[in-house]
Amino acid sequence: MSASVAVYRDIYTEDRFRQTYGTEDQSRGRERLRDRLAQRCSCSQVDCLHLLKKRLPVCSWLPKYKIKKWLLGDIIAGLTVGIVHIPQGTFAVLSLMTGSVVEQLVPIPLGLNSSSPEGAELEAQRIGVASAVAFLSGIMMLCMCGLQLGFLSTYLSEPIVKAFTSAAAFHVTVSQLQSMLGLRLPRYAGVFSLFKTLASVMENVPHTNLAELVISLLCLAVLVPVKEVNSHFRERLSTPIPMEIITVIIATGITYAFSLDSKYDIQIVGHIPAGFPEPRLPALETVPEIAGDTVAITLVAYAVSVSLAMIYADKHGYSIDPNQELLAHGISNTVSSLFTCFPNSATLATTNILESAGGHTQLAGLFTSLVVLIVLLLIGPLFYFLPKAVLACINVTSLRQMFLLFQDLPDLWRISKIDFMVWLVTWLSVVVLNVDLGLAIGVVFSMMTVICRTQRASCSVLGRAANTEIYRSINNHNKCYEVPGVKILTYNGPIYYGNRSFFKADVAQLLGLTPERIRSREKALKAIEKREREAISSVEQGVTDSSFSSKNVLFRSEMAEGEVQAVLIDCSSVIFVDVAGARLFIQMCMECQKIGVRIYLANCNESVLKILTSSGLMNYMNPQHIFVTIHDAVVYIQQQREKPPENNTTVWV
């Protein structure tokens, strides 16, 4: 037996509903605002503890840390990432952008000996500029955190994030090709940098160092299968196989034992400066010159970091705080700039290494830091013979998951072709142009799709499902029928200056209000009004003409049967209206009054109703023509057509 619903109640206009069930007055609203501000400004032990856990996440996860389950994975992942960090910059693209700024301000003259006093002085200046970029980037991030600009990450939609990270992975992979082939080539930055690098590599392929090519092929032959094993048997393995560490140790040992660097001219890590760098101020006098480029570096660093955080948060089922990301990276860049560091961010390769090597918590970062610190202070010389080709292979194989994001494209095409286009435009822009410019194009294109969708939102006619109070589009439901004499319209979007003309055109088309038809209806109404005035004049003079009166009534009834007498606009999907949209409603009311059509509204939210009321719509429209539901309005209109209005109107469904 199917369930049923029976409702018997009064018809509710918005005014009547408020009178019956009440609404929050302004004084109550002010009290709530005052209470909320007081709560925000209050300070208690609970609030302090909450703030501490929010700003120092370690206070939240450390007490819950599962030593037996997580510790070994964190240690191995931390050690692996630490070893990879030793000879490289954090993120290849960010390093290239920083290097471009340094090269502009402090270029290296051709033929300069780096070991000479002039070369050492020039190197110190270049380090100072790079540190100044890191310092300014950190300050910008801290300011963004203070202004709570973390919400900007909401403009990085899922297609943008995945396309951006996948395209950035291509940049990283191409930047590693020269190390895998043993080529010594210049680094390119700026627009078309990926193609410039590829062209340079292809041009110099004949000069490939065969020994380094063999090392690269052997490393790939070992790392790729082990990565697949770790991925497929992740749940069965207590800790993923640390093949990266094993590869580094074996490759370093073989290179040292057989002197591969001297015999085959293999590129090795070489000398690693020992000792902890002394704190010193960066070259702050260069801040005005580097400010523009630093803005781009800051945005790219933040976008990469937040994008990776979003991807892994979605994968492992936790949430992130974008403002906390700004705070963490801001402090990291600001403090590290005092120790001759350049800008840092999360990176695709090491993040993937960390996750695939079994990292579970931020404790892995502690072990990474300890590795780098120990190398700086004690064991740096042990990595002297580590081949750069091995590190390049580790980076490339760790990007496997980023390339697998292409698997989402068929589903994305099936679900939303617009999101597919956002993905494709972002990916192509980042690959073809550059990371920062491509990201900007992707975000702008994504926002343009949103604007276009609100501009061309669908306006459709609703019909009533028989014997129900349910109204659906007559185009999609063949058993929903229009209410005679009433055109029910729904608009699935906001009504604002950007789409008001489209909305007006759609309404005119659905109502069939062509200029010729409007003029004919105006003439018909004027004729009716003239006859009514003549009838009144005849009555006042004591003259009665039953045939004249009956013809007039017949003319009006015939017109009413064939024409729309009322337009009901369902505002349930209208999330907001601006001043231009409100004026359009006034204009529509005035035009409909000229042709004898009344406008009714239903399902208006509070903000829409407030703007419409404040704009003066009630001067052109009866306030009692705004209803809480479509069915209330329809029943009211039908009752008005059938008999004179009564005080106790009801809805029966």
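Glycine too: its Cβ is placed from the backbone N, Cα and C atoms.
Pulled from TrEMBL, these are the features on record:
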type	residues	note
DOMAIN	476-637	domain 'STAS'
TRANSMEM	70-87	transmembrane segment
TRANSMEM	127-151	transmembrane segment
TRANSMEM	237-258	transmembrane segment
TRANSMEM	294-313	transmembrane segment
TRANSMEM	363-383	transmembrane segment
TRANSMEM	418-451	transmembrane segment
Intrachain neighbours beyond the transmembrane segment (363-383), with Cβ under 8 angstroms and 6 or more residues off its ends:
65, 70-71, 73-75, 77-79, 81-83, 85-87, 252, 269, 272-276, 354
Can we call the transmembrane segment (294-313) and the transmembrane segment (418-451) in contact, meaning three or more C-beta pairs below 8 angstroms at a sequence separation of 6+?
yes
Beyond the flanks of the transmembrane segment (70-87) by 6 or more, those residues with Cβ under 8 Å of it:
238-240, 242, 244-245, 248, 269, 272, 349-350, 353-355, 357-361, 363-372, 375, 380, 383, 386, 388, 391, 394-395
Pop the mean pLDDT for the domain 'STAS' (476-637) in here, whole number is fine.
79
